[in-house]
């Protein structure tokens, strides 16, 4: 049992353990912090295996960017900080599926590798990573840039409801409450662009019930809609 | 050691990505012409796909990430044509302001770039990255109707299921890599020795991950909710281009690895469940969604034979996509820009009010059912059944035949509804026809939608009479 | 060259006619449709001297556009063209309720393309394609212009027939996969297929054509479809569409898989005889005019199928002439039934009676048609029934022959019962004061009346051209 084996076991235990705590915790900030630990342990695993660049990229991107983003989102959307009941679903289906998959994969790997001794690979220095990435995998690397750009633009559209806000239909329907958002008190009236009177060139069949009056309808609209996450006020 | 890059062969990808950037720049600089830029760029991508030389590039030794062939060119052209078609279909809604124009067109063209990558992909990483690029913009586009009920739940369902499926597919690719050490499609093999089980599980996970994309049963539950909650042009794109991406991915895996039993199970379940549930639908877009689930079953069926059935599967997919596009285009034209697909009753008598739209929808449904005058669909079914019998899967051909009969029941019900007489109103009226015409007015159809519909129907009719062109392109 | 053009014109003319008819205004459209149908009849009649057409269509699927006419298909081609002209002419005069006559005429022409294509196709997959062409137009005709229960009847028709068609598709590709070609002339005499393949393929073919023919017990779509269809729909359905099934059984069942046909011949014969008797017994209980004629088709097709099942030359000839005779006579019967129903506004036999007193000419024609249908010697229906019984005896199926003959007697029984109820007895209110036969109706019916007599007196009209072609099928004992 070398030092590397012991470290792998320890870091693996930390990663799995904190991962379990992420999904079983009932407080969202604690879940975020446990995620930091889990991803940090993953970075440690990469280091033990000699993949230096991947380890630091893991810390930078996942821990630094993603989890911090999560925590900012929790802060800015005023998600409940304390324990909330609907964060934790009934455990048994998840336990059975997750445990089953884990056991199955474990059995698979044990069957494939048994007690084979593998020598430690050469350290994955930046030079080697670069050679591999830009020598063999250039095309997916470049296509990923398109993916990231579209993700960026898409995130901005989703988070800024005033971009191309649709002219409201004559009878606004209340939006369905999103599953991950707990009911938030709407304290901040959103500077909604004033709905222009929509020219009705043709009578369209309106199955929804018409609102009583325009101002009342707008006020109703403002109060009923839960705001999407990543709300930035006064951008 | 770097890879040589043949820029001429990459023309389609350059055109697609360039279109996306062009749309973004138009939005930034001019704040107009985004839709026109998108349409022109998509057309340019179609042309580039056919003009570019069919060469492999991004190769290390024998293994290439970009594999050029006339089949890849045809599929890439189809992705671009579908993007152009969907952009045209959304013209009316975008003009009314139901979504930000520049961003909408940009996201759709990014999706097109992902589709082009999938068509030419030569290894699993490029394939999966391309698939993600194809579907990620759709997460956002599905959720654009979030002010109406069902919009956001559709988007979240789609997003979660899709992300899980990508993760599963990546796990499968990783297991396969451990077992065999190769990621390139031309070098995929089954695991040997003690890696046999690992390789098999990896293959199975890959298939399951890709089967999510094509909405195969039992991984289909997201499809009807998502299609119904999305704007109709986006549902069109989901049902055609996203499915094509999944088919290409499945075909790539099936060509080299032995997956007969799992594909057979998927095919039978998908066809049967899709058709049986579609019989009970009362909303038009849900019916189209379930029918496209069943059609995915017909597409998967020839893949049970491995590489022998790939051509038949692609032929069916292409002909199906033409007909499905026509069906959705007619729904857009009949319902107008703002509304959703509506219930089946909203279409009662629509064929009498709009003769040409009704004829196009009847053509499309006849083709999806596999009957003339939708000759494209007839040849598609013939191809699948011929391929199955040729490769020794006769019982599966029987299942396909049985499902064709079940499917006709609901296609004919909707087609008959188009020409059904109006239901009598509860009170007695002097002129029920006039009342019906007043309450169900003929909506003006934007020119772009008409153009898309005409091109789509013409393509369906032409390839119905001359499907050999598709077969020739697919075989090389 | 001109022969090939002639053959392609047989299909191209109705197709072009359908397109043109759909675009013209109402009354002009119906007349144009009749003109196109008449042109098709002329071309079809002269197609005897045509040459085979064989063009590549979809090489990947092995489909060739291979058309050809021979002695077996020629009478059916002419019959189809004739019935279509009569139906189009009838539609010019009278459009049933439910939609525009222009659309009905266009649909009739599309149906004609499908039926003619089926009879002319010499490539298995092409045969299947044309087989499918008739499904949706016929559905539209029944569902659009039919009687009160038309929707259910049309739906049952189309689902049942599609089930048969997909079985045909499976059988076709079983043969094509085993033989490597789909050309009927290359596949004649079994085309080198193994016995197992032939038996499997023949089972699929037999089931498919049994739905179309129809053969009891797969006939349940027929009565509803015939009763609810408009007059022209019933005439085409009974007159020629049923023949697609029996023609397919001869051309493909016996021609391409003769060993399979021989293996299954006894079973087929048993079902055919059961169809004759069952059809007659059900007819004895019928109280609705069109339904009775529809069930009589089941019985007549039973005779035709018995002839095919014997796989002797006499049997197949009986089937051929029985086909043509049934087409002519039942076409005439449905025209007459349509005329009576339009005048009396009911088809219920309880409300109809005494036609002899109020419309003696119409009663005479009905009598003539019924007697022709029950197989009186001297009229067309006799030859098919007589030769079928004779062929059964020749094959050694004495029991079948005897039961078939009894069935023939039962046929006479129910037709006599029909005539007694309809034409004799006191005149019922529904049939009092009905208008006389109009000139258009005489024009529509007289070719059929003349042909009934002609084929009855000179069966060689139908049988002589077929003699050489029967050798093509081969394997006839």
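Glycine too: its Cβ is placed from the backbone N, Cα and C atoms.
As recorded in TrEMBL:
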DOMAIN    C:121-411  domain 'NADH:quinone oxidoreductase/Mrp antiporter transmembrane'
TRANSMEM  C:6-24  transmembrane segment
TRANSMEM  C:31-51  transmembrane segment
TRANSMEM  C:71-92  transmembrane segment
TRANSMEM  C:104-122  transmembrane segment
TRANSMEM  C:157-180  transmembrane segment
TRANSMEM  C:200-218  transmembrane segment
TRANSMEM  C:230-250  transmembrane segment
TRANSMEM  C:262-285  transmembrane segment
TRANSMEM  C:292-310  transmembrane segment
TRANSMEM  C:316-340  transmembrane segment
TRANSMEM  C:361-384  transmembrane segment
TRANSMEM  C:442-462  transmembrane segment
Next item on the list: May I ask whether the transmembrane segment (C:6-24) has at least three C-beta pairs under 8 Å with the transmembrane segment (C:104-122), counting pairs 6 or more apart in sequence?
Entry: yes
Margin query: Quick check: do the transmembrane segment (C:361-384) and the transmembrane segment (C:200-218) share at least 3 Cβ pairs under 8 Å, counting only pairs 6+ apart in sequence?
Written below: no
Check: Which of C:31-51, C:157-180, C:230-250, C:316-340, C:442-462 shares the most C-beta pairs under 8 angstroms with the transmembrane segment (C:200-218)?
Finding: C:157-180
Next item on the list: Could you tell me whether the transmembrane segment (C:262-285) and the transmembrane segment (C:316-340) have 3+ CB pairs under 8 A, leaving out pairs under 6 positions apart?
Entry: no
Checklist line | Interface check, the transmembrane segment (C:230-250) with the transmembrane segment (C:31-51), three or more C-beta pairs under 8 A | finding: no
Next item on the list: Examine the transmembrane segment (C:292-310) against the transmembrane segment (C:442-462) and state whether at least 3 Cβ pairs sit under 8 A, considering only residue pairs 6 or more apart.
Entry: no
Next item on the list: Grab the same-chain neighbours of the transmembrane segment (C:31-51) for me: Cβ-Cβ under 8 Å, and only residues 6 or more beyond its ends, written as numbers and ranges.
Entry: 1, 3-4, 6-7, 9-10, 13-14, 16-18, 20-21, 24, 69, 74, 77-78, 80-82, 84-85, 87-89, 91-92, 102, 105-106, 108-109, 112, 116, 465
